[in-house]
């Protein structure tokens, strides 16, 4: 409303009589914000006075809303009617009577008073003179420093003390214009928009986010239904939908194609008009283009409603959210409802081009989901005004409406309409442009009944590589995901635990002068918000902003409502309690921050954070969760809290006593050789925390093998289990590692120790000090939290040793990113399954995670499954010292194992064993790997697991170089054909011939090549091997695959490694040993299939003996190998003496001919076994 509209003369009005009751101050403005105070207002000026009456039952609103919003409530989804809402909150008749009595006794004739439809407001017109007498105040004129506009207001006002409990606020009084609602993304369209052509599909998602990318990233199905009344509602103000661009977007980017005739249902509110622009302007078109184009691509054939708010004059008014609410709820109308003079626009609008009709009160259809991409500054609006409007959003939530807002694009700051990047508050909450230090939250984002959506971007070039908080500091206006804490609204109960967890563990040490630690926190969730495909004036742009994120999330909720409506259920309604109760259904985002107000803002973190909202914690374990338990002595346990204590203390000792990590990360290798024990995970994490690299050695290594690993790995420290003390000491001696740098680890109950090997585990470095002793020291070295994507990719933390075709093991380097990606990606299927179950209204089963640690931790399956997975899954690894069949049966009886991973040879024994009865009755998830397992074995083994009706054992495929599994069967699905399961998200797979040409996998076999964040960067200090293992950025697995019926199968191995019970055996290593025998002239080794153990190769040696007086025997050859190599590398396939080894023209062994010969020999039973 303009100042001129307020100056109207009314004749015959009496001067208000003084009220005899003492007055008390009801509201006082903290400051004049960006306004200049001028002279007293003219006494005869007419003010439209509105008194907001206290509503009944507001204290019950949260309880009523929780009753219909909690999925566990029997009333879930039983949304209220508009009439029920209005009746429930209507002010008590006594309230209206008391206020009316005060007014009439003060000289305001009853004939001048009127009530709103919901009886929430009393209104009348009064002169400045009357209002000053009523409210014990003085009115002045104020001028906006930016726009030059005028307003009438006072610095404070008072009410009779007895009326304070009946009145929310009076207006016009202390209220002054706040900032205009800015489409949060609009200011930086120029910097975020990128001209792009011809980019579709998943290969280009890092450049342009299309519907294909969104479907892959969030598992969005192709929509097929359009239930009546479930249209998505999108509200627009200063932006207009340009239909030619919408049609062009349909043509370029939608799949399946959307017809060009499709357009939203247009709903005009108070003069809102469709675009009739001949030449569209960027600021008038891009917001709407982004909202509608993105949403249609997700929800079509469902429709969209366009709520176009306000005429061309009032689009900049701060209170235009209220005209939207007016149109939805007649009880909230104009000066009869929530609207506020000098904040909300007035209709009819007398200005040129203004809307001349009456203000719309009700009549606009209510959508189940609203998406809004505009916002205001909380610090620039009156407290009672915001509280009153917030309650209106609560009433919509009671009616089953999901209201979704963009969280803002200025980090912890806010954005001023004249172009400031960093509009903040001072310590007294006054708005002070870009120079303030106190964080400036947005409204209505801080209202608890709004669901706020922050913005993310891709973590790397792959759509499957995860997300990070958006950050673009280089545009015309910097772009960081908005978030923070309200200065007005208290934190609601449904987010209290998640926010307290963040404040305790991750929040920077900002004082209460910087932000309100107990305020409502936002955002609640996040979605992709950068480089989103948008057609503007026939050009393809990649547009950024939380304005992109909000409609994406709103569209997903619309699809979920479609699913519920199709099942005869009600729409979801108020989302926030569900979001915070089920973090497992959201992608975890822990990279990025939202700087502003001269600070770094808040960092992202596991769980909820004020940058990207709610997601799952990396670790579901609580401090008292038992992570590790000794099978032989069940009382010997390690909780999460104990492990953290051990890790921090041991990390300090590793750094202080041995210099691990002192010269920077990725340099200092610690080799560990041990059978299974519960302290191994603490050692693993302590090495990494100290800045070192954990190098895992096979517990079956000989002295020579261990010495070579220590030497090639340039290890500074060797840690061994008690059984390996002699082997470790001898190996250290061979490679000149000082005895003081060899430690013995022991995890026996009551005797946890890490001592020097020269003391036999009792004495050692420093006079027998036990480095795990709590009394030794209390110094700690805490984790360095890494969020930079490049550092995550390059930061080496683990080396696993894989036998090479040369016979010499190669050190597979695994980074932070490799292991974090494996942890997250393999759990993604479970999250997606959980989301589907929740969509169906099903409760998630409560299952405690327990697994049996029986595989060596020198293998990727053991290292990942036992050292990392328990804390992520929030459960227990029960440790066997080493595998034996009898012990495993005992422990399966003793402990209720729920998750079981093992190799095919053990599943074979399980399937055939009569000893197995109900040992696996508690298992709910089972998988296998290390070698292919056929469908028949899957079925027979599965019959022994759980209730025998669970989904079949899931088969995985992967290598140490891929950080383990890169395929897995999705939760809830199964396959009995022996396939290797679908590839995991983030994994790209090719099949090529020997010339690296792509083959048709349905027609031709080919080598499998992989590209993924899971793939190693290469081999430790072995450039030659690294170069040979990659082709144009693709890792060459050496496995030959085939695609049949849409499923992948491994049919052969191009590489010459053999696998014996999951362990790799290099024929060349055996051949090198055989060559050293004085009576052997030549030798070649191939594998033959074990007759009773699918997937296991038995090494067979073909030997050309030297001429000698003493004939060489098979036993002689086997004894020679046994004395020099580990037990799993023995010649169990036998020894065959031949006259010559077949070779090609350049003298290379023709192993395929030998394998073919071996197969024939096995079939004809002629082999020497």
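Including glycine, each Cβ sits where the backbone N, Cα and C put it.
Those TrEMBL annotations? Automatic predictions, nothing curated.
Lifted from TrEMBL, the feature list:
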type	residues	note
SIGNAL	1-16	signal peptide
DOMAIN	208-629	domain 'Peptidase S53'
ACT_SITE	287	active site, charge relay system
ACT_SITE	291	active site, charge relay system
ACT_SITE	547	active site, charge relay system
BINDING	588, 589, 607, 609	Ca(2+) binding site
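Recorded features from TrEMBL, shown on the structure.
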residue	record	DSSP class
287	active site, charge relay system	helix
547	active site, charge relay system	helix
588	Ca(2+) binding site	coil
607	Ca(2+) binding site	coil
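For the recorded positions 287, 588, 607, a Cα-Cα cutoff of 10 angstroms around residue 547 (active site, charge relay system) retains 287. Each of the active-site residues 287, 291 was scored by the number of other CB atoms within 10 Å of its CB, and the largest score is that of 291. Residue 589 (Ca(2+) binding site) and residue 291 (active site, charge relay system) are 24 Å apart (CA-CA, integer value). Of all Cβ atoms in the shown protein chains, 24 besides its own fall within 10 Å of the Cβ of residue 589 (Ca(2+) binding site). Note: the Cα of residue 607 (Ca(2+) binding site) and the Cα of residue 287 (active site, charge relay system) are spaced 31 Å from each other.
Burial estimate for the binding-site residues (588, 609): highest at 609, by number of other CB atoms within 10 Å. Put simply, residue 287 (active site, charge relay system) is 28 Å from residue 588 (Ca(2+) binding site) when counted between their Cα atoms. Taking the Cα atom of each, residue 589 (Ca(2+) binding site) and residue 287 (active site, charge relay system) are about 26 angstrom apart. With the fewest other Cβ atoms inside 10 Å of its Cβ, the least crowded of the recorded positions 547, 607 in this structure is 607.
On the backbone, the CA of residue 287 (active site, charge relay system) and the CA of residue 609 (Ca(2+) binding site) stand 27 Å apart.
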